[in-house]
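Chemist: As annotated in TrEMBL:
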COMPBIAS  222-242  compositional bias 'Basic and acidic residues'
REGION    212-242  region 'Disordered'
TRANSMEM  20-42  transmembrane segment
TRANSMEM  54-79  transmembrane segment
TRANSMEM  99-132  transmembrane segment
TRANSMEM  153-183  transmembrane segment
């Protein structure tokens, strides 16, 4: 029963959230089982551009460290806020959601070229949290039963928690910065006087990820009608052709 419940919950996840969280878990499992090592995954511009190890552009977003508190903490926040975005403000706009992934990953990679950052998954999670929090500004949050605050403060609370754990806050600041750039270009600037929408999702992404809307005025030909058309209606049309 527990397995069936887990399978049902897993299959009920929206597509992008399911794909990304699954890739993160499988990557961590592969490292734990020693099929691969973190040295094969981390972001290294020299190996990417000189040795053509292109996969590092992706794998550095998939590894959150060995199994432990930090890994599970990041996975919970990644799953929760990625899913809420996909089922909330990006509902029915999978292509736009994928484009946000690509835009955020591109900016973080550019920054990674000039800084000694090896894994960017945590920054990506903070970016998702930031965008969600700015789009839901009036939701009240509770952090481990200790702090009560409104949603826009959540990324900063997470950064403070990371600092308490002794981690560098550079990665958190990067996620906040990229999240703010996306939020400003997508939600703020287009609504300003003289502003316009600058982030336009490529048409090929819409073709791949978005189901085309059906035309409510479309009237199919008789041979294209569903087979479940009631028999008496079909006979009526044959007896009384228009």
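Cβ coordinates are placed from backbone N, Cα and C, and glycine is handled just like the others.
Give me the lay of the land around each of these features.
Modeler: Using a Cβ-Cβ cut-off under 8 Å and counting only residues 6 or more beyond its ends in the same chain, the transmembrane segment (20-42) has close neighbours at 13, 56, 59-60, 62-67, 71, 75, 78-79, 82, 101, 118-119, 121.
Cβ atoms under 8 Å from those of the transmembrane segment (153-183) belong to residues 70, 77, 100, 103-104, 107-108, 111, 115, 117, 120, 122-131, 133-135, 141, 143, 147, 199 of the same chain, restricted to positions at least 6 beyond its ends.
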Chemist: Can you name the far-off residues of the same chain, 6+ from the ends of the transmembrane segment (99-132), with a Cβ under 8 Å from a Cβ of it?
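Modeler: Beyond its ends, the transmembrane segment (99-132) has Cβ neighbours at 16, 20, 24, 38, 41-45, 57, 60-65, 74, 77-78, 81-82, 84-85, 88-90, 151, 154-155, 158-159, 170-172, 174-176, 178-183, 186, 199, 201-202, 205.
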